[in-house]
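To start, the structure under review is shown below, and the notes come after it.
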Ligand code: ADP
Ligand code: MG
């Protein structure tokens, strides 16, 4: 019998397959099962148009059988089969050479992973088999043929006998090598697992003989093995089912089965779109933050299916970073199986789906906020930070998208509020949206800087997250209202006429004292000033310029920090008794004034939670005034 050579390019792909140290060899089964399913599709469509044929659902299936002893794995289907010519043409030539062309273009890169992103097709069998035998009988032929190949050498075709229409793929599984365990492709349990993973939603049953044990008849402790044929795949995917048929538990179960998370999902989103682009999707918003969520290890992405066949575990292009917490899958008939990760980025359909999904997630979150507040707050606790990063990233490109989803703790409501809620409560006299930064709500509550704004009766948003101020800087304003820190120099609160006069007089009167103090603290602060915002406290910092004190803390806590400093102003409460002490020291005892100035400066540092330069000096100073 003559051995025929493969067409040149098929030969090269074969080489690639056989010699690759590709890690996902298991996908060979996905490819062969998909081919079987396609072949059954063909006979099904034929029956639709050919009255002499009938399609009896029961008789169409794929069967997987492993024979460990002889190292044989058989994949049998009752599909349309192949004629001699088809065997020759379809298996002798690579059907879609997309993979090969892609590999050529990217030859410099590590090719192995690229293969994994393709529908690699029939040749994938050579990754695990030393000999591949195909016995097939076509619906259109009375004769059956056997095609056989050991790889790159070529293949043979000869007539054979086969009773029924369909195809049998017989793989002689390779012997184990030092770094590769091929035995697993003969293991029932492992095979089941692979089928579940990739081919769970193939429309036709994928059957397998499973070995079970049972109690031997008439005994109480003797077991015997028996074989039972099982259908491994679930066939109808949950996302193709009618929403009205499905209960919350069904979605929860799917979430668990798919290992999307260990928690229960907070919300599911089931999308069925049948428009310009067709796709089905089930998305989940998890309840808890995954332990690695805010680390580099966390990978976002959705599972991508093409007509029920898994083609990508984590398709990153389907989710924007700010929604990276979303889990789930997308299935579309409009994507072909032969796509690579690189090519996907250019796929117009995929882009449309991604955009669609993004908008859907947003609207679902908004409705959660509106209708199930508690759940939204739970969500925000877990993933709010990611939304804030989202506003900040890309120079604020997505801020419009995200601003309505933000929440901050409110001084008035004592709970999380949205910016919209804040705005809607603002009295007319209020110019800005006020915020105060600090380590915790409790600490912010006690900040002296909040006194004036609070006394005016204005609401203050508490910023306790590192990213909060950066986010707000990027946002700049919300519904035309600007954000203003309570530590800012201009609070936009009008002083009354008579107070203005008084202020002016005081300024003149205390000019020299403050100049003296400013000088004493030179290099540490920009200026010492009489405070307009302090009501009860003696001292605090306020802030000039772009960098706030909170930002100084955050930036300096980062590795490779640039020692960035905020421009600080030391504000003194001139109505406080301490101020009298300052004044008399200014007149009589400069040494004492130096001491007081240092103490007040250090106090302001402590209030902000900033490190003090010399704690020993500070305690000594305190001792001095106790004497
Ligand atoms: P693709 O499935 O993308 O066309 P493959 O390499 O997987 O590429 O298969 C090549 C061709 O071989 C298929 O298009 C089909 O015509 C034929 N073929 C493969 N397996 C079977 C099968 N089990 N039954 C009938 N035809 C098959
Ligand atoms: Mg195929």
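Just so you know, glycine gets a Cβ as well, placed from its N, Cα and C.
For 1-341, the entry in TrEMBL reads region 'A'.
Marked as ATP binding site by TrEMBL: 31, 35, 77, 82, 90, 96-98, 117-122, 167, 341. For residue 121 (ATP binding site), the number of other Cβ atoms no farther than 10 Å from its own Cβ, over all displayed protein chains, is 23.
The region 'C' annotation in TrEMBL covers 554-627.
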From 77, 90, 121, 167, which binding-site residues have a C-beta atom under 6 Å away from some atom of ligand 2? 121
Per 10 Å Cβ neighbour count, which of the binding-site residues 31, 77 ranks highest? 77
Counting Cβ neighbours within 10 Å across all chains shown, tell me which of the binding-site residues 90, 167 comes out on top. 167
